[in-house]
Amino acid sequence: MTLLPLLKGRSARAWAGFAAAALALFAVAPLALSDFRLGLLAKYLCTAMVAVGICLAWGRGGLLTLGQGVFFGLGGYAMAMHLKIADAGPGNLPDFMQLYGTATELPWWWRPFENPLFALAATVLLPMAVAAILGSFIFRRRVKGAYFAILSQALAAAFAIWLIGQQATTGGTNGLTDIQGFFGYDLNDPVNQRMVYFIIAAALLLLIALARQLIHSRYGELLVAVRDSEERVRFLGYNPANVKLVAYVVAAGMAGLAGALFVPAVGIISPAMIGIVPSIEFVIGAAVGGRASLVGAVLGAVGVAWAKTALSEEFPAAWTYFQGLLFIVALAFLPGGLASLVGIVRRRRSSRATGGTAGDGTGEKTPALPLGEAA
Amino acid sequence: MTVILGQTFTGISIGAVLLLIALGLSLTFGQMNVINMAHGEFIMAGAYTTYVLQKSISSAGLSLLVALPVAFLVAGALGALLEWVLIRRLYLRPLDTLLVTWGVSLMLQQAARDIFGAPNVQTRAPDLLTGNITVIGGDDPLTFANSRLFILGLAITAVVALSLTLRLTPLGRRIRGVVQIRDLAEVSGISTSRVDRTAFFLGSGLAGVAGVALTLVGPIGPTMGTNIIIDAFLVIVVGGIGQLKGTVIVAFVLGVLQSVLEYSTTVSVAKVLVLVAIVAFLQWRPQGLYTLRTRSLV
């Protein structure tokens, strides 16, 4: 009986936060920011979409995936391939293929991407399929912890190297560049750029709502349980492999969608955006903001991406030092990220008020972090 | 025939480099359970040490000989410092060590860029190591590069030295004791924190030696550690954590596999195929080639 009002309160607060975020993204930002700044924000929001998936897989599920770049890349390339074909016009080859002169017609695996519906579906389903295949192999055999992190990182490295190697069909190191149109709209037009921004903002809100729904479902509880004690969950009759697989696949789909929307926002996708370094950078934002908190992960991702632009333009060297330091401080000394500060402050205050070890009074306990995850 | 032999030798020499790098990791990752992403930057530190020494010692051969112990000390000191400042706070959170040390690696790379400049630098190899040995003469000769043979010798020496240290010396016994049952080692009067730091010193020092070896086969640059470190981690994962024997076998097998696949396909396809092979292998032996038999449920 006492829980009910608390639940209502939590849900009401979440809706209020959601509405405020929507207001900020759809009304305040477009009015307050120049076209250029809005374009940058669109880019940051794509990073935040990846962070939502990371919050689910890593923060909730304890799966440190250092290969989100792969899924981001799969989504991005699927979208970019279609846009390149559309830019070239019917019967023509994309510009870079003409340049290398090796291909006289579209390679067979480009052909399906001529179809816009196939390409759109592939941006999300392709990464999910790859994650499902890989994940089912990895999780079923109980490969976990550090093993999983290293394998996912090796995957990112191998994928980037493979893309670079297939120069004639993937554009190699340059990637797919100079994308002009987006389903018939000219991307050079600022109005259409703003439309892309709105699509990205809407997609981000959608993903946050989806992730929140998952986290607060029975499945979400199971995911945290698997993270904290996989054996106990197994003894209760669940298969932890499937629980982890769902989180991994959903996170992959989110990264794929982010990659797909990143392409019209920035106009390019290349191996440099999906290799080891960007894959880890996706994790940084979530870690600094708070891996287990959706709001923390999203704000962290946007904040770190913004800091990178702001600092690295003027002081590229200083940014690298700062980035390293940020990582060290956030993970070594504040493992819950900035989001955990809220809980710490709130607990301090309430324990001072009641003079005991009371909770934070919201009914929502800050989940313990997977600190003792065995390798 | 000579082609196959030649590719196999190339594979073995790739394996030797991998082994040298993975050796240090097998101490810090395998024994200590710390995923040190800055290990690649300790390799870089070893390589730059060679470069700096060659500036002051004109004889390439002498500078290489001096570089081996000096690089060991420099990289080892960096490792011990890292352990003291950061890692000892994180022993219970192995996944976090990965991310924290990645932050360290970023800063070390940037430091190298600031000190030595972003472009790659090169060292001169001693005359003795620049030539080739012809193993099969005639129209279709088979030659082995001396530098690669030197690295192979260095890798074997390092393996023997490390395994003897772990097996026979009091320090080795303490390290193994701490790894197996930390609490029992502690109550037996072993200072576990000192053992941790020493193990870290040794493992990182081996990275420095690997860095010296790498100057013989490639350029020295701020990002030289990043890519090769992942391969070395894979070697440990496939070999079995904390298993020297597994590390040695897997380093050579992966080296030869990579080299043979590169010959029959391309470098990039070979990378992907090796990874597929590793995932397939882990289906068969999820804990790696060799594992410690325990009663743990995992």
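Here the Cβ of each residue, glycine as well, is placed from N, Cα and C on the backbone.
Feature annotations, reproduced from TrEMBL:
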| type | residues | note |
| --- | --- | --- |
| REGION | A:352-375 | region 'Disordered' |
| TRANSMEM | A:12-33 | transmembrane segment |
| TRANSMEM | A:40-59 | transmembrane segment |
| TRANSMEM | A:117-139 | transmembrane segment |
| TRANSMEM | A:145-164 | transmembrane segment |
| TRANSMEM | A:195-215 | transmembrane segment |
| TRANSMEM | A:245-270 | transmembrane segment |
| TRANSMEM | A:282-307 | transmembrane segment |
| TRANSMEM | A:319-345 | transmembrane segment |
Q. By a Cβ-Cβ criterion of under 8 Å, what residues six or more beyond either terminus of the transmembrane segment (A:245-270) are in contact with it?
A. 39, 42-43, 46-47, 49-50, 52-54, 56-57, 60-61, 63, 65, 68, 71-80, 83, 120, 123-128, 130-132, 135-136, 139, 171, 173-179, 182, 187, 193, 196-197, 199-200, 203, 207, 211, 214, 219, 223, 282
Q | Selection from A:117-139, A:145-164, A:282-307, the stretch that has most Cβ pairs under 8 A to the transmembrane segment (A:195-215) | A | A:282-307
(Q) Below 8 angstroms Cβ to Cβ, which residues of this chain, lying six or more residues outside the transmembrane segment (A:145-164), approach it? (A) 63-70, 73, 77, 134, 138, 170, 172-173, 175, 271-272, 274-276, 279-280, 373-375
Q. Restricting to the same chain and to residues at least six past its boundaries, which positions have a Cβ under 8 Å from a Cβ of the transmembrane segment (A:12-33)?
A. 41, 45, 194, 197-198, 201, 204-205, 208-209, 212, 295
